[in-house]
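Reading through the structure tokens given below for one structure.
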Amino acid sequence: MAVNPELAPFTLSRGIPSFDDQALSTIIQLQDCIQQAIQQLNYSTAEFLAELLYAECSILDKSSVYWSDAVYLYALSLFLNKSYHTAFQISKEFKEYHLGIAYIFGRCALQLSQGVNEAILTLLSIINVFSSNSSNTRINMVLNSNLVHIPDLATLNCLLGNLYMKLDHSKEGAFYHSEALAINPYLWESYEAICKMRATVDLKRVFFDIAGKKSNSHNNNAASSFPSTSLSHFEPRSQPSLYSKTNKNGNNNINNNVNTLFQSSNSPPSTSASSFSSIQHFSRSQQQQANTSIRTCQNKNTQTPKNPAINSKTSSALPNNISMNLVSPSSKQPTISSLAKVYNRNKLLTTPPSKLLNNDRNHQNNNNNNNNNNNNNNNNNNNNNNNNIINKTTFKTPRNLYSSTGRLTTSKKNPRSLIISNSILTSDYSITLPEIMYNFALILRSSSQYNSFKAIRLFESQIPSHIKDTMPWCLVQLGKLHFEIINYDMSLKYFNRLKDLQPARVKDMEIFSTLLWHLHDKVKSSNLANGLMDTMPNKPETWCCIGNLLSLQKDHDAAIKAFEKATQLDPNFAYAYTLQGHEHSSNDSSDSAKTCYRKALACDPQHYNAYYGLGTSAMKLGQYEEALLYFEKARSINPVNVVLICCCGGSLEKLGYKEKALQYYELACHLQPTSSLSKYKMGQLLYSMTRYNVALQTFEELVKLVPDDATAHYLLGQTYRIVGRKKDAIKELTVAMNLDPKGNQVIIDELQKCHMQE
């Protein structure tokens, strides 16, 4: 065996200045043991052995291959053991010597929100090497060393996209995530990031053109991509990386004269503050390879690059097989007529929402018609003013507005014991991976754009039943989608199915808890909160569930403390800030509520529920113009939400624009004909405009939707009296009196008016 001059003065066994084959063999054996421990998830063992390897190789020259490999394995072990700060410090010093070290440094920077600029510079330098088809010897050595967890080009681009998003550079983040998808169409987190930025991708190209090519390439290289593993000499699986395709002149021989990773033109730029502008520039080779552009509309939610040069460079820097379109929500806000067309195309639900929304958060079940009555505020109304019973009933539902996630009705079977027939095997199981991923991507895009009807239709028509019924992601999405359109019964069934599949699940439980809050189900809410407190006491979702339970018990101060605990555990948890703001609003603390809503928007600019909260706070203060701006901003993010549309109409009504407000209410009724809120608001406005015949028709439809609501019957009876239908008026007012005995005085006054009529 040839002696490596780098190890000549080094002996592992005794530490004396001599070198033999045994020393090199021990180094390799340590590397294999570390990687085997990592593969077996024995991270403590990996960290201990990596410390030994790091210490023993510390006397080598810092340009040594064995030294850089030792640093990488040590940093990787620390990172996997969640010692992020130590891994960050170790990898920071040597990030320019090794691809893997630079990758770990970037991961730590993302995790800790430290050194993000420096990490971007380093990763850009590495990607530039690959983009220029460089035959850099050190990189080829890393790629051919079979080291565990060496990233491929798609992963590097995904990490770069996440780092740019950490800096609120949406345009650059979208570019690198699109690059990642162009290389690996199944890198789901990149597509999730793109949807979160409300960008669009040509999904057919991604999942059929690119995926087809990758599938053929994978079949041709399967044997070489996955070498056999031996316990005696551990050989981790090599990543099926595209680097081997990029580096066509790759050299498998180790060149002992190569001492640095980046040489001459490949050396990384300086990491000083003045050099950060280089982050804004893409490599020349990337621009030459790209033909597709990112188009960004100017808006407050989309961050624009600080360096103007990035605009022109990014515009021509997208891969050929992907099309991106970063769009401002406000720039795509449809008109009233166009929204109606969208609804007609996407109308699907067989079980439409039928919840009457109110501040008292009440929920009652009717066994005859399955409609829910949430309007019991009039129970405490003893005023003689005829308008009090109307003004007492409000329909604001802050918690069903969220930005950020069941048993099915047709089956009571345990999903683990599903029996699959031959017909299902031939139909449902015949779907290909690109097809199922394409459909999932369509669903995620529709969901991120709040097109809930379309997403539900895609689930029903495109996703095989065995996947839809047993995959937690599908159950979560369906639960969220039905929750978003206020179809609480269906949402509850999907979340119940999810809890059956994963009883210890904590992710997305804050949405389930809010659903139970709307249904006024204290028992299930208590069981959920207590169960999570026993198993996951340090999760922010747990404290959101506790906060919702306390809010349900009318203990708003304790609920605020619970939501504060959630934000302490996760300072970027936008939904927790919003829920905290709702509690402050319930305590009439408008300033504190606004502060919480603004914190939520700082975490997530697309969190439309926070804009809704700001709007309701402004309405309470009589600032109707400001409220309208906030509601319109929320509607620009979620243009088909009937609650937001009604809020816009309410603001316009307060400002005296009744005709315009009526258009909003009509739009809400058209988008969701079963929305009791929109029917109530439109009927009340028509009544105030003395359009009694149209108002009468609207109130009749409202009574059909909520037959157990006293206010609906009262309004209908009052309108009957005005149009001269005395007998019908007495009938409806009598029903209202029976449903709401505490509101008798107001109803009695109206009955007296009926009897005074001829």
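Residue numbering: from 1, along the chain as shown.
From the backbone N, Cα and C atoms, a Cβ is placed for every residue, glycine too.
Look at Swiss-Prot and you will find 226-246, 290-333 tagged as compositional bias 'Polar residues'. The compositional bias 'Low complexity' annotation in Swiss-Prot covers 247-289, 365-391. If you look up Swiss-Prot, you'll see 218-333, 350-392 marked as region 'Disordered'. Residues or ranges marked as repeat 'TPR 1' by Swiss-Prot: 154-187. According to Swiss-Prot, the feature repeat 'TPR 2' maps to 472-505. The repeat 'TPR 3' annotation in Swiss-Prot covers 540-573. According to Swiss-Prot, the repeat 'TPR 4' annotation covers 574-607. The repeat 'TPR 5' annotation in Swiss-Prot covers 608-641. The repeat 'TPR 6' feature in Swiss-Prot is assigned to 642-675. The repeat 'TPR 7' feature in Swiss-Prot is assigned to 676-709. As annotated by Swiss-Prot, repeat 'TPR 8' applies to 710-743.
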When counting C-beta pairs under 8 angstroms to the repeat 'TPR 6' (642-675), the leading stretch of 472-505, 540-573, 574-607 is 472-505
In the repeat 'TPR 8' (710-743), how many residues does DSSP put in helix, strand and coil? 30 helix, 0 strand, 4 coil
Please list the DSSP helix, strand and coil residue counts for the repeat 'TPR 4' (574-607). 27 helix, 0 strand, 7 coil
Please list, for the repeat 'TPR 7' (676-709), how many residues fall into helix, strand and coil according to DSSP. 27 helix, 0 strand, 7 coil
What are the DSSP helix/strand/coil residue counts across the repeat 'TPR 2' (472-505)? 27 helix, 0 strand, 7 coil
